Amino acid sequence: EEDMYRDAEEIEREKILLYETSSSEYKLSVAPEMDVMEYCRKEWRGNTPAAKRMRKGYEAVAQKFASIRRVRGDNYCALRATLFQALSQATQLPSWLQSEDFTMLPEKLLSKYDWIKQWQLKQKLGRRTGEISDEIKEYLILLRKKWKNISEIKGPIEKQEACDKLFKNEEEEYSLYEALKFLMLNTAIELYNDDKNGKRVPVFSWLLFARDTSSNPCQLMHNHLNHIGHSGGLEQVEMFLLAYALQYTIQVYRLYKYSTDEFITLYPNDPEEDWPMVTLITEDDRHYNIPVRMCQDTML
């Protein structure tokens, strides 16, 4: 695939870097902090219109955030960046994670929708239904446990250390993404049913099911959710779905849209007042990084 922002040499360098990272035993999902403008100068040295736009975009980010943390660029990166930010600022367990029937979700959905048997978990195929249900339940329990543990840590440094530790544990980390994907499916089913029953649904829900590849939740699972993390990442409309599943507003600095109305995009664009907000950065709507350390004057 042609990359419209980087030249061939940069792409080649990145491939070598990715190979070296993937071939080493120790994988860091979220890299340590780096000064925003230092990161920008390293990444965008040229004088092309795209590079100039990126630098302007990073300058705007630097007005609000001092540092950036690079997120590993596999097809889970939107989930990774969002969950990392949500956990690193969590002070309590969200109400939807507290409900008693939360862990019964897989069983409940599988009893109604036979097609969920085709759910692909971490590239393992050919499971029996019971196994799928049990395994997803384990992931949901793990999500609740980790969220609860991290939200109870008072000190910001200790909280950050706990997040860093979790995102170095590959087995747990990928299990959490499977939980998030299943919550996205559950949200999609709820929205689809609400629309069919004449209830009011957010606009993105119409767009989600207006696609030829996802005209119903079954198609959405087969053609989109099953591929996230394997052969594809999240599309724009699926960022809305993730926001609704987590009941978080996801604010994204979309750097290539600098100087347009879409430079700072909110998912959803009419957020609920009581939803917490996480902030991400993207250069191309494919890969997401994390801004950290709000500048002092911004916090006042």
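Glycine residues also receive a Cβ, built from the backbone N, Cα and C atoms like all the rest.
What TrEMBL says about this one:
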type	residues	note
ACT_SITE	ASP74	active site
ACT_SITE	CYS77	active site, nucleophile
ACT_SITE	HIS287	active site
SITE	GLU262	site 'Linear diubiquitin binding'
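When other Cβ atoms within 10 Å of the Cβ of GLU262 (site 'Linear diubiquitin binding') are tallied across all protein chains shown, the result is 10. Cα-Cα distance from ASP74 (active site) to HIS287 (active site): 8 Å (rounded to the nearest whole number).
Counting Cβ atoms from all protein chains shown, CYS77 (active site, nucleophile) has 23 others lying within 10 Å of its own Cβ. Residue density at ASP74 (active site): 16 other Cβ atoms are found within 10 A of its Cβ, drawing on all protein chains shown. Its Cβ taken as reference, HIS287 (active site) is surrounded by 18 other Cβ atoms within 10 Å in the chains shown. Looking at CYS77 (active site, nucleophile) and HIS287 (active site), their Cα atoms lie 6 Å from each other. Distance between Cα atoms for HIS287 (active site) and GLU262 (site 'Linear diubiquitin binding'): 17 Å, as a whole number.
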